[in-house]
Structure formats: structure tokens, C-alpha cells
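Participant: Would you mind keeping the following structure in view while I ask a few things?
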Amino acid sequence: MRHSSDDLPLALYSATQVRALDAALIAVGTPGFELMRRAAHAIWRALRREWPDAGALTVLAGHGNNAGDGYLIAALAQRAGWQARVLAVGEPQRLQGDAARACDEARAAGVEVRAWQADAQPQGVLVDALLGTGLAGEVREPHAAAIEWINRSGCPVLAVDIPSGICADTGQVLGAAVKAQLTVTLIGLKLGLYLGSALDHVGRLVFDSLQADPQIVSHQQAAAWRLAGDLLPLVPARQPTTHKGQLGHLLVVGGDQGTGGAALLSAQSALRGGAGMVSLATRAEHVGAAQARLPEVMSLAVASANQLHALADKVTVWVVGPGLGQAAWGRSLLSAAAASGGAQVWDADALNLLAAGAVRIAPGSVITPHPGEAARLLGISIAALQADRPAAARALARRYEVVCVLKGAGTLVADPVGRLLVCDRGDPVMAGAGLGDVLAGLIGALIAQGCSAWQAACLGVWVHACAGESLAHKGNGLAAGDLCDAIRHLLEERAACRK
Ligand SMILES: NC(=O)C1=CN([C@@H]2O[C@H](COP(=O)(O)OP(=O)(O)OC[C@H]3O[C@@H](n4cnc5c(N)ncnc54)[C@H](O)[C@@H]3O)[C@@H](O)[C@H]2O)[C@H](O)CC1
Ligand SMILES: [K+]
């Protein structure tokens, strides 16, 4: 499981932006080879910290500057008394410029450099210096075979800058990708390191700025930002005189015949998330269970939208969709919510009805699709959506003029003006039923307490993920109700530290 590391920078860059950073640093007087030398030292330090007694390493080198880093790492290891060798993949004669100079330096240090063959014996720590930010398209042979060789070796693996085969912009595997235990990334964090399949390939992540001029790095308009650090201070403060009327009235609308649980979970989460008053508009069959399980929630048996119209002016925020279904009952309630003028958080079937064009969503609302719902909203396949999650999140935010929370490994939060945040907290244990209902209720609760849609989405995603992390020890099959309690605990900790 990856732990967020708060000493990592917040800004996340595309491959193009990082190459521009490299060029900008070189332009202000740091030679490319000096950057490469610093990279090698940073990586060699991280390697020795991780595997101090290995005594041997094998660099798999491609043809570009990623390979150049690898050759210089081998030279440092050889000079430190380790047994270092480089297996050159493809035609080493294609090395140019700084990378060719780095190869010469490795040979001069006594490093054995020879062509990689599929029957080569892996030895010591494997250093993946095949491909970095220069990867273009699906990995070609013989690099793909070398990647499979690394992954089958059973040896510890360090990836230079980014695991070879991982797209630096989307985190997607382009044909084949190295699975590393440790990735040392340089100058700027790449957005792709936090998305999708990359999470299964990066291992522990170490960053080194190579003493890059912060003036330059900060000037670049980052592709995205990490949701990192302690966001709990953003939770609206409560004064001693605060009363529930100041903490908003949240209405959950959902739970058609047979699907009452989802709406109940959203209501429970809204309660634990601190909303002043929580009501639940659901089918009559679920009211008994709701009252028994959540007596604090005002549960209403709703047969038609008229009953919601009567409520509308008392409701601060509507959380619509959990267990709503897509039949006439659900459609009519969703239309009432859309016409209410209150803040909206739409999830699950509300999004499917939106995708079907059955209703329009008010600008400034929050939507919380999982990849399937997002693909339907965009009219694309899930595979196409997952191939570039940042683009999908941004497209949804712009198309509907909403804050879009695109759930999944590396949950994204996008707004219509182009802001994009990535959550690198959470745990695979959270891949379970009902956790989306909990997130929707939590985001609604934060809006009820005064957060903007953007703040509530970012903070809700972060609190939800951190609460899930705190339950990782429970193993798979995390109960959504436990997550609600963990969220309450996290927010109570926050309230306590404010006293
Ligand atoms: N001064 C700097 O720029 C620094 C860069 N650092 C390291 O350099 C790499 C980026 O190097 P670059 O030469 O731009 O590209 P790569 O080494 O990643 O790869 C280019 C290399 O790979 C071949 N190639 C591209 N796509 C494919 C493919 N699909 N299949 C097979 N082969 C492919 C291409 O032909 C080239 O030969 C960066 O990641 C850093 O590691 C330093 O760290 C800092 C200074
Ligand atoms: K690499």
C-alpha cells in the first residue's frame, strides 16, 4: 500500500512540462550533464538506503537520458566497491550527447557494459533505466522483452524517474511496464505516477529536485496538484455557541424498492460528517429500518415529488442518487431536486439519469461518478476513460459546469475552470460496496456546514481516503458503516486539536 508522503511537492507535471523544466534549468546555466550527475547521486543514495547490503546492481539501459542516469549510477556503484554492470537494450551505439558521455564514464570506472540478451542472468538490484519521460507510444521490442525479463527476475527493482512503460501523463501501462519496489523521480513530480495502473508499478516514491531553482519549478503551470498535507483545518470550525441550525439541513433522496441501504449509508455519513440536520426521503418500506438505525435522521416516506417541493425551502443541500433507481419514482424526485435551487451532490442513479438526458443539473453542483458512470456521462468506453482519467474528469466538469469527483485509484477532483487535484491517500481495502454512498453524504455534509462545492469535494475525498486508510488493518470487505465511524473519529480529532 502506498503511503502519502507529505515531504513530496504538491505540484504534478506532465511529461512535456517536466521536459520544459529540464530545458529551463539548462537555459539558466545548469548543464544537462550536471543534472544527470545530480540525478545519479540522488538515485544512488536512495538505492543504498533501501538495499544497503546488496553489493551488486544491474542497470538495464535504453538509449536516452534515462539510460544516461543509469550509466552514471553504475559508475558510482562501481567506485563504491559494488559489482556494477550495464545491460544495454537495443543498439547502444544510438546513445548520443550526455547519455553517450555517461556511458564512457561508466566504462572508465570499470563497469562491465554489454548487450542485454534474454538469457542474461539478473544480478543484485535491477535499475530500470530503459525509458523515462521520453516514452512515446506502446513500448517497442526489445524494450518490452527487457521489461518482462525485469518483472520475472525476482530481484529488487528501482525505477529511474518513472517505471518504464508507464505514461507520465495518465499512469497507463503502454504495452508493458516495470513493477518497481522503489521509484526515484526527479526535478518535478509526474502526474502519471499518481494515476490508475501506475499505483501498481511505482512502489515507494522518492523525489529529488536536483537542486532545481524553485523559481523555475514553481513558475510552471502544473498539470495538477496533490491533495496532501493536513486538510482537516479546512473543516468548518464550530464555536461554543454554534447550534445545529447553523450547520445546514441535508436531505438524502434515494432508496427505491429493494435498494434502501445505499440511501441509509449516505444519511449516516452525512450525520457523521457533521451536518446540522439530516433528512431522508425514501420509499415507505425503508422508513422503519432508517428510524431504527438512525433515529437522529428525519426519515420521510415519499411517494411523489410533490412532497419534496414542500420541503425545498428548508433544505440547504440535496444528496441525490443512492439507490434511487431509474424508474418514474426516481426520475420525478430527481427533477424536484434539480428544480429546488438548493446545492446538489449527485451520485449513482442520479448520474445515470443525467447521462440519459432525463434531467439537467444546476451549474456549481458536485457529481461523484465511478468510472462506469463517468463513461456513460461522456458517451465513451470505460477503457477510453481510464486511458486518460485527468482528461475525463476535466471534460465532465466543463460539460456540466460542475465539480467532478472521478472515483477510483488516485481519485481526481476537477472544476470547470481547469483545476485538477489528485488524492494519493486511501487503500485497496476501500474497493467495496457502499463507500461511494458514504462519500456523497460526507461531501454534502461539508457543503451543509458552509464549504464551497470545490472545498467540500476536495476535503471530502481526502477525509474519506484517510478514514479508509485508518481501517486498512481490517482487511478486505470493509463495512461502509465502519467507514462512517472512522470519518467521525477523524473529524472529532480535528475538533479536539482546535480547542
Ligand atoms: N537534462 C535532462 O533532460 C535530464 C533528464 N533526465 C532523465 O532523462 C529522461 C528523459 O530522457 P529522454 O532522452 O528525453 O527520453 P528517455 O530516456 O525517456 O527515452 C527516450 C529513448 O527511448 C526511446 N523510446 C521512446 N519511446 C519508445 C517506445 N515506445 N519503445 C521503445 N523505445 C522508445 C527513444 O527512441 C529514445 O531513444 C528523464 O526521464 C530522466 O530520467 C535526468 O534525470 C535529469 C536531466
Ligand atoms: K525508467
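Heads up, the Cβ atoms here are built off N, Cα and C, so glycines get one too.
Predicted, not measured: the structure shown is a model, and the values here were computed from it.
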Participant: Besides LYS407, GLY408, ALA409, GLY410, THR411, which of GLY379, GLY432, GLY434, GLY436 does TrEMBL list for that AMP site?
Facilitator: GLY436
Participant: CA-CA, which of the binding-site residues ASN66, ASP128, LYS407, ALA409, THR411 lies nearest ALA262 ((6S)-NADPHX binding site)?
Facilitator: LYS407
Participant: If I restrict to non-local contacts, at least six residues apart, and a C-beta distance under 8 angstroms, what lies near GLU138 ((6S)-NADPHX binding site) in its own chain?
Facilitator: LEU174, GLY175
Participant: Once near-sequence residues are set aside, which residues in the chain of GLY132 ((6S)-NADPHX binding site), 6 or more away, have Cβ atoms under 8 Å from its Cβ?
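Facilitator: When sequence neighbours closer than 6 are ignored, GLY132 ((6S)-NADPHX binding site) has GLY64, ASN65, ASN66, ASP69, VAL160, ASP161, ILE162, SER164, ALA168 within Cβ distance under 8 Å.
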Participant: Listed binding-site residues are ASP128, GLY408, GLY410; which of them have CA atoms within 10 A of the CA of HIS370 ((6S)-NADPHX binding site)?
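Facilitator: So the list is GLY408.
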Participant: Ligand 2: which of the binding-site residues ASN66, ASP128, GLY132, SER164, HIS370, GLY410 have a Cβ closer than 6 angstroms to it?
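Facilitator: Passing the 6 Å Cβ check against ligand 2: ASN66, ASP128, GLY132, SER164.
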Participant: Go through the binding-site residues ASP128, GLY410, GLY436 and tell me which ones have a CA within 10 A of the CA of ALA136 ((6S)-NADPHX binding site).
Facilitator: none
